[in-house]
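What follows is one structure encoded as structure tokens, with my remarks underneath.
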């Protein structure tokens, strides 16, 4: 068979920074600046939402404030908010691995200390000068330490979510940022504990000393007593087995008890929860089970109440006059200058490349929720007045908002371009190894995916097939997503992880069992990204693994009545982007239960596969895949070529492809089919037929007459005028023939695999149709 494969790798053109505006026909979402602004961490929206609900916006209407937030309800709101804060800090402690702190080298430690010391010193100096105007009658020591901590602290949970969203969590710069942020976090909490101890109502310095020493004693006792208990619990919890509810309840009760103890000491209840979170063993199923049990309640209900409580304390109207707004600019500049410049200078001295040093500086400048916690404690302790509190909240919002755009602008990702030969199934050396990247959304797709792999493996060579099975999971700003991303990504990309994590255990077990039974090399992996850019993971992984074809799941699944129902429209957009950007062939798999609800063993495979051939490169790819499947002893292949009656050629549709291109396409089709017939002449399981039809109606009738078929193989962009005359599909990513087979009007139990061959000889232009639908 002739091959139109090329070794040149085609990558999408770079995204332009700014649009010309919607009035000139540009889509702002296609440009980098708009996406950088929109791709903000969730905490930005939560802080803004809290401010809007408070006296800065809606709360200026006193009737609204009395009706929605009456004064008698505020203690209840604050209690629930602080309960959410306790469990959030417990989750933050689980995300922070103390082993990584021990492994941090001198370079990371120096970067972390620079990110603390310079802004701390700058803020103490400036606060000492301006204390008379912004903090009259406040404990000087407590005020200076609070202001220093507020500017030097960085939000470890927010930083982890920004890195995971930008796919930098497991890159070298991401690992340095996370390690430095962890060191920074621990040091800042120690300083905050000191500030809380200093802000007590007692005038005796010995009271503050006793509070601080008691806090240190609590940490030591927790390590000696609680840590062994947590380790024992973790040893009783095995991967793939449910965790005993007794362990979960006991741990959560211990977290509340720890909060009570530290609150009684005089620090804050959240310190005890944070310490207990750090002590939870990170290996095994115990930590994951704890996170899954409480993260929805905390992030979905309790923590938003904390932002509301904070917003009710924030009154931007207190920032009045040029001096106050100038103070906001000064505080913001001091915070950014100290963090960014200090981190960059020390990073360069540690021989970190300038680009990575710049990115580290921007990342270490993120604030978010942890900053809000420090400020609220300071306000509750009467260390910060209303104006200072509002200024510091706005400073935290500005610095967090600017982090993502600055990182996107500064970070230059090194594009790895693989130069490999076999990017299609159609090739001259048909006996070479076929590499497939098979994607799926969940466990429901696994039996059909495994049965499709079984049909693809052939019998000629032991290593003729290598499959990378990629579980597509959406990234969300949850602790479980962060923990998963840290385990299943390497250098910013998905990788083959032999470990078993949470709900992916049964997925890995299923593919490992199939690999042992079939001798097919199957490597399961997980791609965890936002739906807006998970296609980048798919395309980059296919290129890195030198895949010849990517198999994508259709965005609809079969219902009990046999019809196809939409799962999520996001999946459809993912498929569209992969079709546009992939550097190998792509297939979209419309699953109607190929082989049933379980894996069919090789000896029991009995499928009839039909290839509907109209002509063109995509149909060549579909037939080449079918020819490979025909090598399996349990598969019967039926190839049907559709031809137009000679006397009505050119009368079916007004589509004009040009006489020369039409004749070239026909000659290529004839040559390809001649080679296919020669190759499969000795196959008893291959049937070749030609159907001469008059119009689209007769074509549809012929396709409907195909009975007892388990799988249809078709091309996405056939070149025949018969295919173009078919009814316009509601799913342009499937093409005219695939759209017909997947439509509600076409009643069949057969699955459909729609192939697009690489390179894209025919331009992909179904954006208008997708926008219309």
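Just so it is clear, glycine is given a Cβ too, placed from its N, Cα and C backbone atoms.
Summarising the annotation, TrEMBL assigns domain 'Cation/H+ exchanger transmembrane' to 35-407.
Among the features that TrEMBL reports, transmembrane segment is placed at 79-96 (among others).
Feature annotation from TrEMBL assigns transmembrane segment to 108-129 (among others). Long-range contacts of the transmembrane segment (108-129) within its own chain (CB-CB distance under 8 A, at least 6 residues past either end) are made by residues 135, 143-145, 147-152, 154, 176, 179-184, 187-188, 191, 330, 334-335, 337-339, 341-343, 345-347, 349-350, 352, 360, 364.
With a cut-off of 8 Å between Cβ atoms, the residues of this chain six or more beyond the transmembrane segment (141-164) that come close are 41-43, 88, 91-92, 95-96, 115-117, 119-124, 127-128, 131, 135, 174, 177-178, 181-182, 184-185, 188, 191-192, 194-195, 198-199, 331, 334-335, 338-339, 363-371, 374-375, 378, 381, 383-384, 392, 400, 403-404, 407, 475, 477, 479, 481-482, 485, 528. The transmembrane segment annotation in TrEMBL covers 141-164 (among others).
TrEMBL lists 176-198 (among others) with the feature transmembrane segment. Listed by sequence, the residues of this chain that lie at least six past the ends of the transmembrane segment (176-198) yet keep a Cβ under 8 A from its Cβ atoms are 96-97, 100-101, 103-104, 107-109, 111-113, 115-116, 120, 139, 141-142, 145-146, 148-149, 152-154, 156, 159-160, 163, 168-169, 208-209, 211-212, 215, 266-268, 271, 274, 343, 352, 356, 359-360, 363-364, 370, 374, 377-378, 381, 383.
Annotated transmembrane segment per TrEMBL: 210-234 (among others), in sequence order.
Annotation source TrEMBL lists transmembrane segment at 246-279 (among others).
The transmembrane segment annotation in TrEMBL covers 325-350 (among others).
Look at TrEMBL and you will find 357-377 (among others) tagged as transmembrane segment.
TrEMBL lists 389-411 (among others) with the feature transmembrane segment.
Annotation comment: TrEMBL describes 465-604 as domain 'Cation/H(+) antiporter central'.
What TrEMBL records for 607-758 is domain 'Cation/H(+) antiporter C-terminal'.
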Top stretch by Cβ pairs under 8 Å to the transmembrane segment (325-350) (candidates 79-96, 357-377, 389-411) is 357-377
Over the domain 'Cation/H(+) antiporter C-terminal' (607-758), what is the model's mean pLDDT? 84
Same chain, outside the transmembrane segment (79-96) by at least 6, Cβ under 8 Å from its Cβ: which residues? 156-157, 160, 182, 185, 252, 255-256, 259, 269-271, 273-280, 282, 287, 290-291, 294-295, 297-299, 301-306, 308-309, 369, 373, 479, 482-483
